[in-house]
Amino acid sequence: MIKKLILDPKNVSIIKNGIRNYSKSKSFIQPITTLSEEETLLKETVANFANEKVRPLVKVMDETSELNKGLLKDLFDMNLMGIDISDSYGGANMNFMGSIIAIEELAKVDPAISVIVDVQNTLVNNCINRYGSIQQREKYLSMLATNTVGSFCLSESGSGSDAFALATRAVRQSDGTFVLNGTKQWITNAKEAGVFIVMANVDPSQGYKGITAFIVESNNPGLRIGKKEDKLGIRASSTCEVILDNCVVKPTDILGELGRGYKIAIEGLNEGRIGIAAQMLGLAQGVFDSTIPYLMERKQFGKPIATFQGMQFTYADLAVDIEAGRLLTYNAARIKEAGLPFVFQASMAKLHCSRVAEKAASACISMLGGVGFTKEFPAEKFFRDSKVGQIYEGTSNIQLQTIAKEIVKNFNK
C-alpha cells in the first residue's frame, strides 16, 4: 500500500517538491533540542550569569546553608523569577520552555539556586497565573516577578507520597473568613518567601474534593516559619516547616474555587516535574563538564586517563544518558507548551533525569579518584545535591506508578 502511494504519479511530484523545499528551508522538521533565537539568547545569558554571579558563591552558600541575599536580588533583576509572567506585570514574557532552559543552566553551576527559580516559575507563578482572579494576578504576579519569593505548601509529616492526606484544616467562620490550622513540612523557599500557596482541607468528608488552595502572605500573624532543615544537599535553598496557627484568610484569598485545590496542586506538580527534570539534567551536565577536563589532563602510565578504554566506556555511557534526558525533558516541555496532555512525558523525564543525575555524579567521583572525594572538586557537592531528585515532587516510585497508569489508560482507549 505504501509503495503504491509513493509510486503514484500524483504523489511523486508532491514528494519531490517536499524534499526540494526541505533542502532549501532546512526547517521541514526541527530537532526537539532546537531553540528559538530568543531561547538561545536566554540560554547564553543565564549561563554567563551562573558562571559570573553564582559560581563564586556556591561554596560559601553550601557550607553555611544560607542563600546570598545579593544573589537573590540579582535573580529578580535578571527577570529569572518571573520568566513566563507577562511583561505587563513586570515579567520576562517568555514561554514555559524559557523556564526550563534557565533551570537547566543554573543547575549546571548550583542545583540549589536552580530549584529556587524552578519552584517560583513552574509551581507558584503558573498556579496563580492560571487560577488566580484578575485582582490576584494583578497583585501577586507583579510581586513575584519583581521582588517577592513564592512558596508552595502541600506536604505534611503525615502526607508525603500520599500528598492529599492533609491534616491542615480550613474552617469557615460566620463572617465568611477561614481559619487555617496545621503544619506544612519540607517547604522549599519558605524562609525567603513573601507569598505562600497553602493547601488545606475545608471539608474532610469530601476527600480530595474538600481541599482548597489559599494565598497567604508572610505578614499574616497566623503564619510563621518553623524548623529549618539541615540537609544533605541543595543547602542554599531553604526547606522549612510552615506553621499555621489560627491563620485567618479572606474568601478573596482562595485560589481558584472552593474545593479545587486538588486539581490546582496536581496540575502544578505535573509541570513542576518537568522543572525538576531540567534541574537534574543540568546537574548531570554540570558534573560531567567539570570532570572531563581533568580526565584529559591527568596522566597515568604516560597517557591521559581519558584515553583508557575503561574511562571511555564510562563517560560515553554518561553522555548517552544525559542526551536522552535532554530529549525527554525538552519534549515534555514542548508538549506542555502545545497544550497537549503531558503527564506521561513529564514523569518519564523526571524519572530518567533524576536517575542520571545520581549516576553521573557518582561515576564522576569514581573517575576523578581521590580528588573527587574532596571538596576541592565540585563532584562531591553535585553528588549530595543529586539524591533529592528521586524524592521531591513525586518519588521515583510514584513516577513509575504514574507512567504505568498512563500506559494502561492509553491501552484501554
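Cβ from N, Cα, C; glycine included.
Copied over from Swiss-Prot, here are the features:
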type	residues	note
ACT_SITE	Glu393	active site, proton acceptor
BINDING	152-161, 186-188, Arg298, Gln309, 366-370, 395-397	FAD binding site
BINDING	Ser161, Tyr208, Tyr262, Asn270, Glu271, Gly272, Arg273	substrate binding site
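Known features from Swiss-Prot, placed on the structure.
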{"residue": "Ser155", "record": "FAD binding site", "DSSP class": "coil"}
{"residue": "Ser161", "record": "FAD binding site", "DSSP class": "coil"}
{"residue": "Thr188", "record": "FAD binding site", "DSSP class": "strand"}
{"residue": "Asn270", "record": "substrate binding site", "DSSP class": "helix"}
{"residue": "Ser366", "record": "FAD binding site", "DSSP class": "helix"}
{"residue": "Ser396", "record": "FAD binding site", "DSSP class": "helix"}
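Shown in sequence order, Phe164, Tyr262 are the residues of the chain, 6+ apart in sequence, with a C-beta less than 8 angstroms from the C-beta of Tyr208 (substrate binding site). Of all the Cβ atoms in the protein chains shown, 32 others lie within 10 Å of the Cβ of Glu393 (active site, proton acceptor). Counting other Cβ atoms within 10 Å of each Cβ, the lowest count among the binding-site residues Ser155, Ser161, Thr188, Asn270 belongs to Ser161.
Sorted by the number of other CB atoms within 10 A, the binding-site residues Phe152, Tyr262 start with Tyr262, the lowest.
Comparing C-alpha positions, Phe152 (FAD binding site) sits nearest to Glu393 among the recorded positions Asn270, Glu271, Glu393.
Residues listed for substrate, Ser161, Tyr208, Tyr262, Asn270, Glu271, Gly272, Arg273, cover a largest CA to CA span of 21 Å.
Sparsest Cβ environment among the binding-site residues Gly158, Glu271, Gly272, Arg273, Ser366 (other Cβ atoms counted within 10 Å): Gly158. Calculated from their C-alpha atoms, the gap between Gly369 (FAD binding site) and Asn270 (substrate binding site) amounts to 38 Å.
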